[in-house]
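Straight from TrEMBL, the features:
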ACT_SITE  B:Asp27  active site, proton donor
ACT_SITE  B:Asp29  active site, proton donor
BINDING   B:Asp27, B:Asp29, B:Asp245  Mg(2+) binding site
BINDING   B:Lys220  substrate binding site
Number of protein chains: 2
Amino acid sequence: MALSKCNRLSGTLIKELLDSIDSVLFDCDGVIWRGDEAIPGAPQVINLLKKNGKRVFFVTNNSTKTRKMYADKLAKLGFNATEDEVFGTAYCSAVYLKTVSKVKGKVYLIGSNAMKQELESVGIDQVGVGPDPITGTQIDWVNVALDPDVRAVVVGFDEHFSYMKLNRALQYLTNPECILVGTNTDTRLPLEGGKAVPGTGCLLKAVETAAQRKAQVVGKPSRFMFECVASQYGLDPARTMMVGDRLDTDILLGTNCGLKTLLTLTGVSTVADATEHLQSGCPERLGMVPDYYVETIAELLPALQG
Amino acid sequence: MALSKCNRLSGTLIKELLDSIDSVLFDCDGVIWRGDEAIPGAPQVINLLKKNGKRVFFVTNNSTKTRKMYADKLAKLGFNATEDEVFGTAYCSAVYLKTVSKVKGKVYLIGSNAMKQELESVGIDQVGVGPDPITGTQIDWVNVALDPDVRAVVVGFDEHFSYMKLNRALQYLTNPECILVGTNTDTRLPLEGGKAVPGTGCLLKAVETAAQRKAQVVGKPSRFMFECVASQYGLDPARTMMVGDRLDTDILLGTNCGLKTLLTLTGVSTVADATEHLQSGCPERLGMVPDYYVETIAELLPALQG
């Protein structure tokens, strides 16, 4: 394969690349779908990759859905996919807490019902999901009722995030044995039309600032997301490709784990962004330069059909 | 005066120091009071300083009270003080927006009723005070109703801080002409017994992370807090002393503005903290080393009575 970076993937290079890999990790939003619509041609690409003997996984920092919810959405949009192939941060955080942190106790969860379900499915109880409105004054906040069994604070996306939740997290984290885990550090959730809403990274930063601690982060670009898939399926990094639309999460994850990397331009990052990283001369920015890019993953179709 | 730093203030040095200054800036919590109780001897110190012809000011990062509320509290605890001598970040932020930002429009305020009142008293309208609960989904959040007259987002202490407020701040700040101002960056509000609740710095960090901007900060150690007093009263920095309990706000403000600095040990920071900064060999940490320290400002009493 070419050693240079950021190559336009086309022609015979596509077949060559596909022959060099056994497994493909796809980010979801901006890669195989946008909002509630599949990227045209994406279901056929995924389904043909599998038909051609490749293993396919769906790797997303979104913490608001369970594996089951993702599998349902994939099926509805025409993707041939099973729950076991979905690695979202709701599921991966539960695995992380169970296998890496080996947390013995409950989780104080700033997060979604989906995270609650994934935690419960690995046998970890949580407290905290849902609204937590403010009452009283400082003296009440500092003496807020805490669950004595909590051993970890976990921060994912939570539209009920509030000062009281931030305060409760701080009170739990004054115990140095209580760990702090974040699903991901994405600062914004991009929507159509260049608009965005605040992402989990904002909530996590508030908690880190209060607790004066850095969180252990599960999601991309943390290596754990790949290791979570690799350990279950015995993946060979050298024969695995990461396909994503974000340089700072998807492509950096791929680089961090020694995977081949493919940027698709149907989402957040542009070729200009990648070129800027490439030309920066800054070693830590080089990890955000993909091996290849395509306009859309539909460009893989001819090689798969041929 | 001695050129060395972090001297224990005692004996004849006290009288010498007092003779060298015309004005004294006092932080409040941890310096002249703790919670709702005056530090023993503090009212007498303040009242005698004034009787001896010194000008005294109260300079606090707390944004939850108006000047009037502070004056009332000071009077109740036995301090001879007027509204005009109080410089809290609720008031100073209003002055900053009026005189430095020269904001032409409304403020989207993440903050207290006290901030609302101080803004209104300089003729700036605000929207945003009070609870702002979440409804709907992402598409509703990104299209949330905005006030077209808003030209600044201001973040102070707000116990009603919520995901919706964070989102609203982000939507306003996508307009590059909308400025971002923070009252202060204190990460925690310390209470008795070593406990604390999250401070404005946590909320500001969440907004900065969402907006991908750095805020203009009004409170200590920003020079503006001193300039706000100095411009109104014509203070000479060389003949002004800053008295505080925090190295990273009070003492650093004093250093930044060329004031004499006195640490009092009735609050957050310790002599060991100061010594650590002094011995770090790090130029930017030297600014957090006070000229002098006392156990309590009551130690100034004999020199003032004599």
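Note that Cβ sites are derived from N, Cα and C of the backbone, with glycine treated the same way.
Listed recorded positions near B:Asp245 (Mg(2+) binding site): B:Asp27, B:Asp29 (candidates B:Asp27, B:Asp29, B:Lys220; Cα-Cα distance within 10 Å). Cβ neighbours within 10 Å of B:Asp245 (Mg(2+) binding site), excluding its own Cβ and spanning all shown chains: 25.
Same-chain residues that are not part of B:Asp27, B:Asp29, B:Asp245 yet have a Cβ within 8 Å of the Cβ center of the Mg(2+) site turn out to be B:Cys28, B:Gly30, B:Val31, B:Ile32, B:Thr60, B:Gly244, B:Arg246, B:Asp250, B:Thr264, B:Gly267, B:Val268. Cα-Cα distance from B:Asp27 (active site, proton donor) to the residue listed as 'substrate binding site': 10 Å (rounded to the nearest whole number). By the criterion of other Cβ atoms within 10 Å of the residue's own Cβ, the least surrounded of the active-site residues B:Asp27, B:Asp29 is B:Asp29. In the three-state DSSP classification, B:Asp245 (Mg(2+) binding site) falls within coil. With a cut-off of 8 Å between CB atoms and residues at least 6 apart in sequence, the same chain places B:Asp27, B:Val59, B:Asn61, B:Asn184, B:Gly244, B:Thr249, B:Asp250, B:Leu252, B:Leu253 near B:Lys220 (substrate binding site), listed in sequence order.
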